Every structure is written in C-alpha cells, then in structure tokens.
Amino acid sequence: MDGDGDPESVSHPEEASPEEQPEEAGAEASAEEEQLREAEEEEEAEAVEYLAELPEPLLLRVLAELPATELVQACRLVCLRWKELVDGAPLWLLKCQQEGLVPEGSADEERDHWQQFYFLSKRRRNLLRNPCGEEDLEGWSDVEHGGDGWRVEELPGDNGVEFTQDDSVKKYFASSFEWCRKAQVIDLQAEGYWEELLDTTQPAIVVKDWYSGRTDAGSLYELTVRLLSENEDVLAEFATGQVAVPEDGSWMEISHTFIDYGPGVRFVRFEHGGQDSVYWKGWFGARVTNSSVWVEP
C-alpha cells in the first residue's frame, strides 16, 4: 500500500527512552517535595507569627510545656523576644512550679537563676554508686582489705543497732582489725554538670556518710573527700582524721558542704575507711553505709 495506507509511512508517537523516564519521574518527585517543603515552611511561619502575637503570660505557659533542652537549644533562637523569655527567670520559675520542684506561689526575687536551679534540681541524685553494699563492692575502687578485709553484712548485725533513718537501707560495710579503705571518683562532667556551671555558679557539693561501731569493741573511722581538677590537682579537701567510734552501736552522720571552691573542679574523690581498736580477728571495726555525694541547686 502507498500513501496513508502504507504501514511504514504511518507515524507513531515517540516513546521516552529508558534513560529519560527516571529523570522525568525524579523531576516530578523533586517538584512535589519542594511544594511540600514550602507548605510546611509557610505553616511554621504562620504558627510562629501566631505565637508571637500571644500575650506574654500565655506565651510563657506555652513555652513551659516544652522540654527544657528544646527551650535552650531551639526556642531561644527563634527571635529576640523568645530568647529574652527563655533567658529570663519567670519561664523557669513556672517550669519549676509545674514539675513540683518549688511550691506554687514562690516569688521571683527569691532566686536569681531559676534556669540553673531547674537543671540542677532535675539532675539531683546521689552520685555515689552502691552506697550500702547491695552489690557487694561494685563501684568502689582503691579497695584496701586490711586484716580480714571488708565484708558486707545485714543490718543490724552482731552487737549492732538498726538504721532507723532510712528504711530502704538494709546492709552496711564492716571493716576488720587493720585499716580497710575504699574510694570512688565522680566525673562531674560525665554526670551532666557542664564547665561553665561548675566554674561560675559553683553549686554546693554536699558529702554525707553514716558510721557506727559494735557494742562489744572499740573502732576507728575516717573520711577524706577531695575536689580535683582535670589534672587531678587537689582544689579543696575535707578530712575527719581518725575518729574514735562510741561503743554503743548507734549510727552517726557526718556531713560537709563545699562552697566557693573556685573554678576548675571536675572530679570528686570520696574515700572512707575503718578498723577496730582491739585487733580482734574478724569484723569488729567501724561500719559504714548510706554514703552520698550531691550537687545541690
């Protein structure tokens, strides 16, 4: 056939080559993604504009519902107004009240740095591991086993007294007829306390320990706590020296608070120990339990 009837002369629409098809699909997908991104940005801008028009007391309540890390790392970068609110005391006082860290109705002027108070309060905990011997000697280092060495015993123990100050304390460490010592070193930065806070605010570091003896033997106790620099230089120290423990079995607390210790503190080294004063084989030396190190708001 010739003319229009010739199959070879009939024109057919061109098909895209395999190489061209993915490019066209990719271009369409990119265009859709761009449209979605622009729509999201527009929604975010509208939301920010809406929040910017809120009265300050209402905006503070909205911001107070957000996680603290988002407030510091993201919200304060939105605009100057938000930065001032995040850096100001009222927002953090409100967060403290909402989370039960301070009573409702606390006055703004009672504390200058509510943001620091908030972060310190959220981190507040005993930084010593295994303070009562529930995990034997786990967490303790530089352990000296004088005489028959340390032993973990159940309260009240032989010729001892119950620990009535805290019902959760069930065990204690008993020392022997020569000095038994053990220590822990706390890395404050690893525990969440940053350099600027430690160097500028210098929050109080509170150390506590409980010790007792037996009713049938005399004993000695000692505690040494040092604040160390990054190079482990001693920047502050508290030491009891050797303390004679009364032979009545009662539990006694010793406490010390480090304040105004200067910049550079990065570690806390806690060391305590005991022995008996009659040199009897066994575990007649001082007993220790419920030791603690706290960074206070």
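Heads up, the Cβ atoms here are built off N, Cα and C, so glycines get one too.
Keep in mind the model is a prediction, meaning the values are calculated, not measured.
Applying an 8 A CB threshold to same-chain residues 6+ apart, the list for TRP280 (carbohydrate binding site) reads PHE177, ALA217. If you look up Swiss-Prot, you'll see ARG214, THR215, ASP216, TYR279, TRP280 marked as carbohydrate binding site.
Residues or ranges marked as compositional bias 'Acidic residues' in Swiss-Prot: 16-47.
Sequence annotations record features per position, and here Swiss-Prot assigns domain 'F-box' to 48-95 based on sequence analysis.
Residues or ranges marked as domain 'FBA' by Swiss-Prot: 117-297.
According to Swiss-Prot, the feature phosphoserine maps to SER106.
The region 'Disordered' annotation in Swiss-Prot covers 1-47.
Cβ neighbours within 10 Å of ASN159 (site 'Important for carbohydrate binding'), excluding its own Cβ and spanning all shown chains: 13. Annotated site 'Important for carbohydrate binding' per Swiss-Prot: ASN159 (among others), in sequence order.
Following the DSSP three-state reduction, the secondary structure of PHE177 (site 'Important for carbohydrate binding') is coil. The feature site 'Important for carbohydrate binding' is assigned by Swiss-Prot to PHE177 (among others).
In this structure, the CA atom of ARG214 (carbohydrate binding site) is 5 Å away from the CA atom of ASN159 (site 'Important for carbohydrate binding'). Cβ neighbour count for PHE177 (site 'Important for carbohydrate binding'): 21 (other Cβ atoms within 10 Å of its Cβ, all protein chains included). Cα to Cα, TYR279 (carbohydrate binding site) and ASN159 (site 'Important for carbohydrate binding') are separated by 17 Å. Counting only same-chain residues at least 6 apart in sequence, those with a Cβ under 8 Å from the Cβ of ASP216 (carbohydrate binding site) are ASN159, GLU247, PHE284.
Spatially close to THR215 (carbohydrate binding site) yet at least six residues away along the chain are ASN159, GLY160, GLU247, ASP248, GLY249, judged by Cβ distances under 8 angstroms.
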